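For reference, the structure is listed below as C-alpha cells.
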C-alpha cells in the first residue's frame with residue numbers, strides 16, 4: 001500500500017516537472033529562441049575563411065621560403081611600411097593625427113560590427129546596421145563636441161551658431177541618443193527579442209571600447225605630442241620585440257588564448273621596451289614641438305605647439321644608488337624627469353598592454369575567426385593592430401590626470417572673460433583680498 005502510494009507520488013512529481021519544463025521552454029520560445037538554439041545557430045554561422053591577401057610581388061619574391069619565414073618577412077616589410085606611414089603623419093601635424101585617429105576608430109568599429117552582422121545576418125534583424133552606425137554618429141557628436149568646446153573655447157564664443165550649439169550641446173546629444181533608443185524599441189520583433197538585445201549590447205560595448213578610448217587618444221595629443229607618440233611607440237616596440245624574441249628564442253607557451261605567445265617573447269619585449277622608452281623620451285624631450293601642449297591660436301586660426309617647456313622637460317641631475325654606482329662607476333646622471341615617467345608608460349605597455357591583445361584573441365576564438373579583417377596582409381585588420389593601443393590610451397589619460405596635469409590658467413582666463421561684468425568684478429575683488437591677506441599684494445603695489 002505504502003509502496004504503491006509512493007510510486008504514484010513520484011510519478012506525479014515527474015509529470016509535473018516535465019510539464020513545468022515544457023511550459024518554461026515554450027515561454028522562452030515566445031520571447032525568442034532558447035539559449036541552446038541560439039548558441040547552436042551562432043556556431044553554425046561561420047565567417048568566411050581569410051584568403052591569402054599577401055601582395056603578389058611579395059609572394060613571388062618569397063616563394064622559395066618556408067611558410068614560417070615567409071610570414072616573418074611579410075610581417076617585417078609591412079611593419080616597416082606602417083612605421084614609415086606613422087612618421088609621415090607625425091610630420092603633418094596634430095590636425096592630421098586627429099583625422100587619422102577618427103579614421104582608425106571608424107574602421108575598428110566597422111570590423112567589430114561586421115563580425116556581429118555576419119554571425120547574426122541569417123536572423124534578418126531589422127535596422128541592426130543602421131542603428132549601429134547611428135549610435136556611432138551620436139557618440140562621436142557628443143565627444144567631439146565636448147573637445148571643441150574645451151579646446152576651442154574662444155572660437156566657439158566668437159561664432160554665434162557655435163556658441164548656441166555649445167550651450168545646448170549635451171541636451172542635443174541626449175536627444176539624438178534618445179531618438180536612436182526609441183528606434184531600437186520600435187524595431188523589436190517578437191521572435192527575435194533576445195537576439196536584438198544581444199546586438200544592442202554588442203553595439204554599446206563596441207562604442208565603449210573603440211569610441212571612448214579613441215577620444216582619450218585625442219585628449220592625450222592635446223597635452224603634447226610626446227604623450228601621444230611615446231605610448232604608441234612603446235606598444236609598437238613591445239609588439240615587434242616580443243615577436244622577435246619569441247620567433248628566435250620562444251620555447252615556453254605564455255597563455256592558451258594565444259598559443260604563439262611565449263614567456264621568452266614576453267620578458268624580452270619588456271626589457272627592450274623599457275630601454276626603447278628611455279631613449280625615445282630623451283630624444284623627444286629636447287624639442288618644443290613635441291613637449292608643448294597643442295593649442296589653438298585665434299589670431300592665425302591654426303594649431304600652435306610653442307611654449308616654454310615645463311620642468312618635466314628640463315635636464316636635471318639625479319644621484320645614482322650606491323649599489324649601481326659600484327657597477328657603472330657613475331655617481332650622478334643627467335636626465336629629463338619625463339624619462340622617469342616613460343618607465344611607467346613602457347612598463348604598462350609591455351606587461352599590461354598585451355592583455356588587450358589576449359582579450360581580442362579570446363573574442364576571435366569565441367567566433368572562430370583568425371583576424372578581425374584582412375586589411376593589412378600578415379597582420380589582419382586595423383583592430384588587430386590597435387587592440388593594445390586602446391588600453392594604453394586609457395592608462396595614459398588616467399596617468400596624466402593623476403600625476404601630471406594641474407590647473408590650466410589659460411582656460412580659467414577664457415572662462416573668466418565670458419562672465420558678466422558684475423561677476424568678473426566680484427572674482428577680481430575676491431582674488432585681490434586673497435592676495436593681500438597672503439602678503440603678495442601690498443598697498444604700494446596696488447597704487448603702482
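Indices start at 1 and increase along the chain as displayed.
Placement of Cβ uses the backbone N, Cα and C atoms for every residue, glycine included.
Within the listed segments 340-360, 361-381, 382-402, 403-423, TrEMBL records transmembrane segment for the stretch 340-360. Between the listed ranges 12-34, 35-57, 196-218, TrEMBL ties the annotation transmembrane segment to 196-218. Per TrEMBL, the range carrying the annotation transmembrane segment out of 171-189, 285-303 is 171-189.
Across 98-120, 127-144, 196-218, 262-284, 340-360, the stretch most heavily in contact with the transmembrane segment (224-250), judged by Cβ pairs under 8 Å, is 262-284.
Stretch with the largest number of CB pairs closer than 8 A to the transmembrane segment (98-120), among 72-92, 127-144, 196-218, 262-284: 196-218. Within its own chain, the transmembrane segment (262-284) has Cβ neighbours under 8 Å at 226, 229-230, 233-234, 237-239, 241-247, 249-254, 290-291, 335-336, 338-339, 341-343, 345-347, 349-351, 354, counting only residues six or more beyond its boundaries.
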